[in-house]
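Trainee: Take this structure, written in structure tokens, and hold onto it; I'll ask about it next.
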Amino acid sequence: MEKQKKEASQDSIQKMTELKNRPFNQLKESELVRLFKKIEDNEDASYTTEAMSEWRAMIAVARYERKKEWDTRVDHWISDAVQQSPDSDYIAEIVIYLGLTAMNEPWFKEDFPKIRETDHSQGKKKAVDTFLLMLQQGKAWQQELTAKKEVLQQSLTNRVDKEQAKLLEDGIILVDEIGNDIDRLLLSAKEYRESVSGIYSSKEKKRIMDEDLATLLYNVGLWESWRESQENSDSTPLDELNAMIGMEEVKEKVHSYYYFLEYQRIREQEGYHFENGQSLNMILTGNPGTGKTSIARLLAKIYYQLGALPREEVVEVDRSSLVGGYVGQTEEKTLEVIESARGGILFIDEAYSLKRDGASGNDYGQTAIDTIVSAMTSGSYAGKFAVILAGYPEEMRTFLWSNPGLRSRFPETNHIHLPDFSMNELLEIGEQVALENDYSLTEDALTELENRLKKEQVDESFGNARTVKDIILSAIFKQGAEIAKEKNYSKESFTILDKEAFALLVQKEKKHDISGEEKLERLIGLQNVKEQVTQLSSFVKVQKERAEIGLPLIPIQLHAIFTGPPGTGKTTLASIYSQILYELELLKRGHVVQVGRSDLVAGFVGQTAIKTKKKIREALGGVLFIDEAYSLLSKGAQDFGAEAIDTLVEEMTKHEENLVVIFAGYSDQMERLLQSNPGLSSRFKKTIVFPNYSAEELLKIVQFYVDEYGYELEEGVEDFIYQANLADPPAGNARSMKDYVEHAIQRQAYRVVNEQDNQNSLTMLKKNDFSIISNQEDQ
């Protein structure tokens, strides 16, 4: 134990050395806070006071890089670091960097208004009021910087980089001088305002105010020169892009796009002409929460900064903002939206919703599309705004191909796909959301968060970053409510999310009253079937136990073929099988989607794949049960069953363990289906055969339904049913038994009403009530 602790300590020190060598903008606040908390909790004696202080300083600069703001938490971390270890060169380096970066801002965003002697009193007073407001804002910033002065000056004694330290020192001196200038100008401006009356105002007070303003502007000019002497250039939209988690390919593409637009701008400044400039219109595809809206807003900043568009505003709309309910309204609404986006970007989310399949003549989505295309290419709006369309990849491709005029306005080079975030990226986003709310996650909490995310990742509807944010905020809410209820307040409860915060989220309604294995055991007959399913269940449990101790795993084949005559329990077992896999955490939803040929195969080219994929999406996280699966085999040149099979194989490969497929039907025809596509035979290695029920088992099934419906059988009826099934086994097996009971109940009701029998007759089923069996025997 002591050896493990020592090794952990050495790893931690090595990690700190590696972190200290990283550029400040590559430090991750979430990682640093978690490691710092772990060191504190373990009371690691190998860490000196200075080392702990340097951790604090690293957290401060990482937070500043993330928020681009010296907030109270940054101030807390860096102040503690400087106070506890004032002689640390590394801390001094961070403080100087923070000081120079935080101070690298202009004092005033606008020029001071000019006050002329000829202005009327109201004009003069209004101008002075603007003066005073600007000065008060400048004073507030000076006070904010002065509050940091003590921390900054303490670090100037450790001049790791003398040039940078001198630069910071000069900046601090200028802050004091400009603060004094603002104080004098505030006073003289107020005195001048008080002297304004009608057309009269004090020339002397105006002269003093002008002199004070000139002094302030002189020092503000020195401030701008001081800013220019810093190596740090003004931030660009690319800095914001680089700070985003993941999206490496997207970043690379946007970087190239940015630099080409910059090249295009400079080339035009040199007098060279572009006959066909780079299109500003974009297609962004990706699942929910992958950052499409964020990228659209970033592109707006790029267009604005490079002069491609005069505004960086993004007007975000969907179908409801564009499509009207009667002739003429759609064009009017769409043009209003385009006008509001003039000079900026029109962002249309789920753009394919504008063109609905099978829409009637009263659907005006195509009118909105035509209006947008017309505005993009001609008239007063052409070249005056950019359009960004966003949505799911497949739907967007179909939408563009069905609208050639629209597709031609979006070159392939301007198509950006945003992939789903990886699990590590999702966890990093989760930590970032927590940090934005001044929380950090323990390692156990991260594990719980990962488990929750795995359960949520079922299909394309998974919300990626949006889902992570919802989970974190829900954990904060539930933990906060629980703590307030118990009055158990502490610093940790305000700043740390532990696994218990996420465990609260797992308390959900029970999906089933009894387990899948219990349901399996309650099935009548099917002993061989039960053994096969139980064997698979045992195999899965053992594989999970092996995984927990690091032993190699054997791939689990979950797809299955159920063969047997009708009514032998194939559909029932599919539901139980799905529940068992859900309870073993191999499926995330555990539902069953039952389909036949008509649900998958269409009558013309291309539509079969769409229908099949739609059903597969419904089944993700559960079981797709295809009854009489061999009916998918093509019956001629114009039959598209083979397309359904090809699509099924493709989607099974794509979704792997997130989808289980069961083929059901007669065994002799199932082999032909498997041989029709090599991908099928390699995926369906488990066949479960369902035999006909024996007469004894069929009688038990009848008894089950009689009890289920609240009835009983008259003496002799059981033997009658048994002998009938023994002599002539029904083709429908269990299904026929259910039909027998339901028919008998209807016959019994007719008998009770017409014979006005006693109360006991309400529950008693007699031999004559099962006339359906007698009739079948006679046929």
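Each residue, glycine too, has its Cβ placed from N, Cα and C.
Where the annotation comes from TrEMBL, it is an automatic prediction and has not been curated.
Here the structure is a predicted model, which means the values were calculated and not measured.
Below are the features I grabbed from TrEMBL:
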| type | residues | note |
| --- | --- | --- |
| REGION | 1-20 | region 'Disordered' |
| DOMAIN | 278-422 | domain 'AAA+ ATPase' |
| COILED | 432-459 | coiled coil |
| DOMAIN | 556-694 | domain 'AAA+ ATPase' |
Trainee: For the domain 'AAA+ ATPase' (556-694), what are the DSSP-based totals of helix, strand and coil residues?
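Mentor: Residue counts in helix, strand and coil order: 66 helix, 22 strand, 51 coil.
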Trainee: How does the domain 'AAA+ ATPase' (278-422) divide up by DSSP, counting helix, then strand, then coil residues?
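Mentor: Residue counts for the domain 'AAA+ ATPase' (278-422) by secondary structure: 67 helix, 22 strand, 56 coil.
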Trainee: If I take every residue in the coiled coil (432-459) and average their pLDDT values, what number comes out?
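Mentor: Residues in the coiled coil (432-459) carry a mean pLDDT of 85 in this prediction.
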